[in-house]
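Okay, structure first, notes after.
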Amino acid sequence: MGNQTVVSEFLLLGLPIGPDQQDLFYALFLAMYVTTVLGNLLIMFLIRLDPHLHTPMYLFLSNLSFSDLCFSSVTMPKLLQDMQSHISSISYAGCLTQMYFFLLFADLESFLLVAMAYDRYVAICFPLHYTTVMSPRLCLFLVVLSWVLTIFISLLHTLLMARLSFCADNIISHFFCDMSALLKLACSDIQINETMIFILGGLVIIVPFLLIFSSYARIVSSILKVRSARGIRKAFSTCGSHLSVVSLFYGTIIGLYLCPSANNSTIKETVMAVMYTVVTPMLNPFIYSLRNSDINGALRRIFSKWTISFFSTSDFKD
């Protein structure tokens, strides 16, 4: 313990790419981040303005878009700044803050995906009871419960991390303050941290993952009973795209945190982290909304309303 010291900052190694590829990847990640921001802002904007979208499904979807926007913003601006300035240091307090908000919005997305899957399950399997089951009170309760649970869980992980001591080695082999990467640098006993990751990971990752797949399995089973070729194609198209994003999100997280392998290289872990921190928030607007007829209809209505208002104002001035 002679080399133990008070760590005031950490150094992020960033992405494992060569200097000659920095500009290319910078442009790529900047484009992906801008797409994520604009796509999720558009969804929140449409749901807020169009009364036709004031339904339980779109209440969950607006919260999911907000979560995706914040989730990507926790890591991407810092990554882009480091790639441009080549200064990859982050303070101790800043590192814990980034870890807290990263866990907060990652866990929130997990719970919201469960709520959305349950909403679709009730809407398709029990359409006559949908308005009774998915009451405004229940929807609000599910959203508030998701926020409360994620705030508590992320705060608990952050406080457990703050109690650890760190040695002189302050180099994080990642592009953000990842919890598992920080635990590798700790000099203190991390058994409590690992236990809580395993227990809470089951609550936040495994249980939602199983509930989502169970909901979609029941949806597919219910639609197959209708014996409609069009309905079957629509069901598999919708459920397949949703499940592909869910599998990408949960699969990479489970592989990184709950089933880590000693053979995982830094490059492999970084690529897996990019998949759920960058790619998934960018894909969600397209998968859940922009292919949705309700969202497209709302976009046309608002655009038409603005167009009519603009020309009416121009004619009045003339």
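First residue shown is number 1, and so on along the chain.
Keep in mind that glycine also has a Cβ here, set from the backbone N, Cα and C atoms.
What TrEMBL records for 24-46 (among others) is transmembrane segment. Nonlocal intrachain contacts for the transmembrane segment (24-46), taken as residues 6+ away from its ends with a CB within less than 8 angstroms of a stretch CB, comprise 15, 17, 53, 61-62, 65-66, 68-69, 72-73, 76-77, 79-80, 83-84, 278-279, 281-282, 284-286, 289-290, 295, 298-299, 302.
When pLDDT values are averaged over the domain 'G-protein coupled receptors family 1 profile' (39-288), the model yields 85. Annotation comment: TrEMBL describes 39-288 as domain 'G-protein coupled receptors family 1 profile'.
Annotation comment: TrEMBL describes 58-79 (among others) as transmembrane segment.
Here TrEMBL flags 99-118 (among others) as transmembrane segment. Same-chain residues lying 6 or more positions outside the transmembrane segment (99-118) and placing a CB less than 8 Å from one of its CB atoms are 57, 60-61, 63-64, 67-68, 70-71, 74-75, 139, 142-143, 145-147, 149-151, 153-155, 157-158, 161, 176-179, 182, 204-205, 208, 211-212, 215-216, 242, 246, 249-250, 253, 276-277, 288.
Residues or ranges marked as transmembrane segment by TrEMBL: 138-160 (among others).
Per TrEMBL, transmembrane segment is recorded for 195-214 (among others).
Among the features that TrEMBL reports, transmembrane segment is placed at 235-258 (among others).
Under the heading transmembrane segment, TrEMBL lists 270-290 (among others).
As a quick check, the transmembrane segment (58-79) and the transmembrane segment (270-290) clear the bar of 3 or more Cβ pairs under 8 A, pairs 6 or more apart, so the two touch. Remote same-chain partners of the transmembrane segment (195-214), defined as residues 6 or more beyond its termini with a Cβ less than 8 Å from a stretch Cβ, comprise 107, 110-111, 113-114, 117-118, 153, 156-157, 160, 179, 243, 246, 250, 253-254, 257-258.
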